[in-house]
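Annotated features, as they stand in Swiss-Prot:
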type     : residues      : note
DISULFID : CYS21-CYS71   : disulfide bond
DISULFID : CYS30-CYS54   : disulfide bond
DISULFID : CYS46-CYS67   : disulfide bond
DISULFID : CYS89-CYS139  : disulfide bond
DISULFID : CYS98-CYS122  : disulfide bond
DISULFID : CYS114-CYS135 : disulfide bond
DOMAIN   : 21-71         : domain 'BPTI/Kunitz inhibitor 1'
DOMAIN   : 89-139        : domain 'BPTI/Kunitz inhibitor 2'
SIGNAL   : 1-15          : signal peptide
Amino acid sequence: MKLFIFLALFGAAFAQRNGFCRLPAEPGICRAFIPRYYFDVEKGQCEEFIYGGCKGNENNFETLKECKDACTEPEKASDFEKADFETGCKPAPETGHCLASHERWFFNTASGECEAFTYGGCGGNDNNYESKEECEFACKY
């Protein structure tokens, strides 16, 4: 009986904590142009959207990592995908056309290593990885 109560309370707390992940992307009523992330229930992953700067809802994260931490299971190295070398590893990194400042990783063909660069939040190319580990898995091994 104690186990049942514990599981019921744990389940309720988890559902309440992550209930906002089921909300739709809500840009709000203001007119700013702020790249943000929300969890898309239908796709089962975090997606970028443009936030207006006010109102909205709790399914609104400044970084992709914050969204994933709140709404998805932790990634394992096996979740990473190999990249097409010509499009995902060979091009020089592109910061994109937005003005955010996200640390990302790209594969440098000259050094044969994954290196950090600053990503603006939208646009760019496929040589753009969220972690050094993901970049290395995609391009080095």
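In case you wondered, yes, glycine gets a Cβ from its N, Cα and C as well.
Features recorded in Swiss-Prot, as mapped to the structure shown.
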{"residue": "CYS21", "record": "disulfide bond", "contacts (Cβ under 8 Å, 6+ apart)": "PHE39, VAL41, ASN59, ALA70, CYS71"}
{"residue": "CYS30", "record": "disulfide bond", "contacts (Cβ under 8 Å, 6+ apart)": "GLY52, GLY53, CYS54, LYS55"}
{"residue": "CYS46", "record": "disulfide bond", "contacts (Cβ under 8 Å, 6+ apart)": "TYR37, TYR38, PHE39, ASP40, PHE61, LEU64, CYS67, LYS68, CYS71, THR72"}
{"residue": "CYS89", "record": "disulfide bond", "contacts (Cβ under 8 Å, 6+ apart)": "ALA83, PHE107, THR109, ASN127, ALA138, CYS139"}
{"residue": "CYS98", "record": "disulfide bond", "contacts (Cβ under 8 Å, 6+ apart)": "PHE33, PRO35, GLY120, GLY121, CYS122, GLY123"}
{"residue": "CYS135", "record": "disulfide bond", "contacts (Cβ under 8 Å, 6+ apart)": "TRP105, PHE106, PHE107, CYS114, TYR129"}
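Within 10 Å of the Cβ of CYS71 (disulfide bond) there are 21 other Cβ atoms, across all protein chains.
Helix first, then strand, then coil: DSSP counts for the domain 'BPTI/Kunitz inhibitor 1' (21-71) stand at 10 helix, 15 strand, 26 coil. For the domain 'BPTI/Kunitz inhibitor 2' (89-139), the predicted model reports an average pLDDT of 91. The local packing around CYS114 (disulfide bond), expressed as other Cβ atoms within 10 Å of its Cβ over all shown chains, amounts to 22.
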